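Participant: Positions annotated as compositional bias 'Gly residues' by Swiss-Prot: 15-27. Annotation comment: Swiss-Prot describes 101-489 as region 'Interaction with NOSIP', evidence class similarity to another entry. Marked as phosphoserine by Swiss-Prot: Ser117, Ser618, Ser636, Ser641, Ser839. Swiss-Prot lists Gln250, Trp359, Tyr360, Glu364, Asn369 with the feature L-arginine binding site. Taken from Swiss-Prot, the feature phosphothreonine applies to Thr498. The FAD binding site annotation in Swiss-Prot covers His801, Arg941, Tyr943, Ser944, Thr959, Ala961, Tyr965, Val978, Cys979, Ser980.
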Amino acid sequence: MGNFKSVGQEPGPPCGLGLGLGLGLCGKQGPASPAPVSASEPTRAPSSPPLPLPAPEHSPPLTRPPEGPKFPRVKNWEVGSIAYDTLSAQAQQDGPCTPRRCLGSLVFPRKLQGRPSQSPLPQEQLLGQARDFINQYYSSIKRSGSQAHELRLQEVEAEVVATGTYQLRESELVFGAKQAWRNAPRCVGRIQWGKLQVFDARDCRSAQEMFTYICNHIKYATNRGNLRSAITVFPQRFPGRGDFRIWNSQLIRYAGYRQQDGSVRGDPANVEITELCVQHGWTPGNGRFDVLPLLLQAPDEPPELFTLPPELVLEVPLEHPTLEWFAALGLRWYALPAVSNMLLEIGGLEFPAVPFSGWYMSSEIGMRNFCDPHRYNILEDVAVCMDLDTRTTSSLWKDKAAVEINVAVLHSYQLAKVTIVDHHAATASFMKHLENEQKARGGCPADWAWIVPPISGSLTPVFHQEMVNYFLSPAFRYQPDPWKGSGTKGTGITRKKTFKEVANAVKISASLMGTVMAKRVKATILYGSETGRAQSYAQQLGRLFRKAFDPRVLCMDEYDVVSLEHETLVLVVTSTFGNGDPPENGESFAAALMEMSGPYNSSPRPEQHKSYKIRFNSVSCSDPLVTSWRRKRKESSNTDSAGALGTLRFCVFGLGSRAYPHFCAFARAVDTRLEELGGERLLQLGQGDELCGQEEAFRGWAQAAFQAACETFCVGEDAKAAAKDIFSPKCSWKRQRYRLSTQAQGLQLLPGLIHVHRRKMFQATILSVENLQSSKSTRATILVRLDTGGQEGLQYQPGDHIGICPPNRPGLVEALLSRVEDPPPPAESVAVEQLEKGSPGGPPPGWVRDPRLPPCTLRQALTFFLDITSPPSPRLLRLLSTLAEEPSEQQELETLSQDPRRYEEWKWFRCPTLLEVLEQFPSIALPAPLLLTQLPLLQPRYYSVSSAPSAHPGEIHLTVAVLAYRTQDGLGPLHYGVCSTWLSQLKTGDQVPCFIRGAPSFRLPPDPSLPCILVGPGTGIAPFRGFWQERLHDIESKGLQPAPMTLVFGCRCSQLDHLYRDEVQDAQQRGVFGRVLTAFSREPNSPKERHLRGAVPWAFDLPGPDTSSP
């Protein structure tokens, strides 16, 4: 099979394989570094290597200078290349061979078998192996020597001393299982080791649960013929307790019935297990291909018999592409090879029940299963049908018949669309794996006698490759059959189960499949958000996936990216900030994702010196490497190397606005990068435009993502029903599940804002607020000067942004409070509590405080923390429809919430605040807990810093357009900008909660001799004020002579809103600007072309209208 050959009853090749040179057990020694092939090296095949000459009897002792460590030297006799296996120095166990005997062809060497269950590993030995494994794990995630590494070592040591054993964390178990496959010397298909799906079944407590886990494993791995490698890990061996065991050598095997004449009908390799199944209650058939039931054993209990549901066992009837009579032979074989009798050792811990599966190499079926004399032995029957001369071996009838049987196997599996790989492709992939491992680890353990296939030996590249066989940990080991172990507990024969009992076990297992798989399949939902909307969507996604998975919802800055290598399913919901950048809480995730190595570029990227933001934005573009990788993935087979994220399935949803040029750029970059690193995309990137139907787009994508994930992991229920249940307003918010509790603690505003926005905040003080426009203007643009008080957290550079947390207007808050039913006392601090449902084995039902808001009065919540001015989302309208008492209003609200076109028209015409919605639908009864739990958070407003710290130490200047407008084509109510209006009303000494957000990609070039053109209409000039102040400071204080900059500015009228005209003219006179081009869009008697777009060509010396100001 693609992972391991079936080892229970299928011995390896016999002795006499060319003097054992290919076994690599006694290879030459060489220096640590590779050396070129010497001209004196033999070039003939290694069929008869010269024997070493005896040393002279009286030769004087040779004196040699001290040498460094030596490593096995391996040669490829086909191409002449030589390598040195340095990894072999880490071998932790002696091989079966001795200085006088080569035992490399033994199938079950004693040294490769696990310890008896009654012989626990001594504590010191266990500690040593545990330390070695923990060190391996932390080295793999690049955390070696970290505080977490040291704490984990201490934790493991304390656990071993206290209990005699220890427990692996899930990520450690996943790493250990993959490493065990990677280290398996006898497996030819290891290039796929990184794609092994690990199912953690260590919580299993009975044989019935074992059967349920196994059924789920088979269903997942079979995948309707598109086989996937998987392993299920049952509980580890524990001192003083019996083992979990699977008595069958493979999960799916055909019975072998011993006949009275001594012959066997069916598979002779399975006679013994067949008879055991009969003794334990199985009613046998009499066919050649009867699927055996499973004998499963829980600790200290007799084994129990379970029949596999027929729908789980995918079988392939065999036919030949040209020999029509072949189908009449009635041959068939099962799709899934799943070895189930081996022991997994990780860090000294032993797991005696670990069924693992991959896919078949065709020769395992065609040669071993059908042609071996001690198996089905059909070779002569096929030869007779082919009219071959079977009387003499020189006719090569065996070879001819064997080839046609293998052709039939490959043809039949491909016709049935069942994964299989031929021995030529498999061995070629192993050579690639050797090359990969030589680069990555300095070597690769390999057992030549098992790697070379049982057909076409020297026609495959592995035949000509010397190999070194050694044993690393973690590892798979053989173990004695459970019914043969001396002193094994609980192996007695139980009474025969009735057919009804067996059938009932199958029925119970089928009903538990989805539940158990859901408990095992974990989903990580990551969000990156500036406004909180992506977080809200991620939480909705978490509720949906809880229907069939075990999800957790995390902010990107809370997630350690190294965990991606051990994840099964990741869903990303993220917005994009500014010029295609990640949201601030996604910056660390983006940086770490860029530093991970992809499958086609294991070395660092050549552009590592660039800003990660610039590099990350480039990923979302049409990168030739990404295009090449996508094409390779589509054409790939199961012989390709997996990337760093080989076991990851993912899908991404992006939020943005098509009003900006970099729409969903960060989401597109994450989606591309995860695929580039080897992840498998379950669903195409979803995108939600805030200008039109964003929530509807998300709901459709979430449902499709849930459906795709359920199909991939063979779990769950109808996606439409689950999505309807989650997104239904009646199920989203229920009065009886929320209540207000009185809190003694009052609100402190700055700590409260820090709690809500999960970031550091600072208080700045107003120095002045000045209107920059003429008193004759109907609009206002203000210059706000803030005193930072020298706080380190408010240090900035020109080009950075400042985030300000404004309050809502008091009049709006008071009007909304008057609409709340049964509000708490005005001065009483409250918190929302939610009734959490209990779960089996978990905490009982109870009231849990909602942590979103700090304790505060309802008025404070509506003033400082909740957004009451933005148009309500469709989801909130659905909730309000359930609270409307008037049927017509209820119907209208439901229509608006469900019809994206109607909603967008209503939103853009009215742009209503929450209060205006309540005025339009007056029958809505508004409970206070709904406001506190369902309203979006009042988000910080970002402004470009409009000053330079060198020119104004301890100050931050802002250039802010004060927003005021009427909706409904100018006939609706007057709306005000939340932050701009508040800032315009502040007085000297007032406090402003704020923070700095850096913009490292928006800076003046470090080389002052480079030319700069600054283009900004209206308040777009704000950041450039900081640039010219910085440049002026450099000229006058540092004596720099920079290249003069060009400023292109646009406004309406030169006498009304020409911002900073005097400052600009002064800077130009001092050498900061070489040219200042100004366009006035509404200047009386001004030509129509005098807009900003007409001035830009002049800045680049391109043809265009002359818009220079006099």
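The backbone N, Cα and C atoms fix where each Cβ goes, glycine too.
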Participant: Secondary structure at Trp359 (L-arginine binding site) (DSSP, helix/strand/coil)?
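Facilitator: Coil, per DSSP.
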Participant: Mean pLDDT, the region 'Interaction with NOSIP' (101-489)?
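Facilitator: Per the prediction, mean pLDDT sits at 94 for the region 'Interaction with NOSIP' (101-489).
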Participant: If you count the other Cβ atoms within 10 Å of each Cβ, which of the binding-site residues Trp359, Tyr360, Tyr943, Tyr965 comes out on top?
Facilitator: Tyr360
Participant: How many other Cβ atoms sit within 10 Å of the Cβ of Gln250 (L-arginine binding site)?
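Facilitator: Looking across every protein chain shown, the total is 25.
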Participant: Same chain only, sequence gap of 6 or more: which residues have a CB within under 8 Å of the CB of Cys979 (FAD binding site)?
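Facilitator: Same-chain residues close to Cys979 (FAD binding site) (Cβ under 8 Å, separated by 6 or more) are Ile804, Pro806, Arg941, Val960.
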Participant: Looking only at C-alpha atoms, tell me how far Gln250 (L-arginine binding site) is from Tyr965 (FAD binding site), rounded to the nearest Å.
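Facilitator: That separation, Cα to Cα, works out to 74 Å.
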Participant: May I ask you to report the DSSP-based helix, strand or coil state of Asn369 (L-arginine binding site)?
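Facilitator: The residue in question, Asn369 (L-arginine binding site), is helix (DSSP, three-state).
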Participant: Looking at the binding-site residues Trp359, Tyr360, Asn369, whose Cα is closest in space to that of His801 (FAD binding site)?
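Facilitator: That would be Trp359, nearest by Cα distance.
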Participant: Quick check on the binding-site residues Asn369, Thr959: which one has the highest count of other Cβ atoms within 10 Å of its Cβ?
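Facilitator: When each Cβ's neighbours within 10 Å are tallied, Thr959 tops the list.
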Participant: Across all the protein chains here, work out how many other Cβ atoms are within 10 Å of the Cβ of Glu364 (L-arginine binding site).
Facilitator: 24
Participant: At the level of the C-alpha atoms, what whole-angstrom distance separates Tyr965 (FAD binding site) and Trp359 (L-arginine binding site)?
Facilitator: 67
Participant: I need the CA-to-CA distance for Tyr943 (FAD binding site) versus Tyr360 (L-arginine binding site), whole Å please.
Facilitator: 61
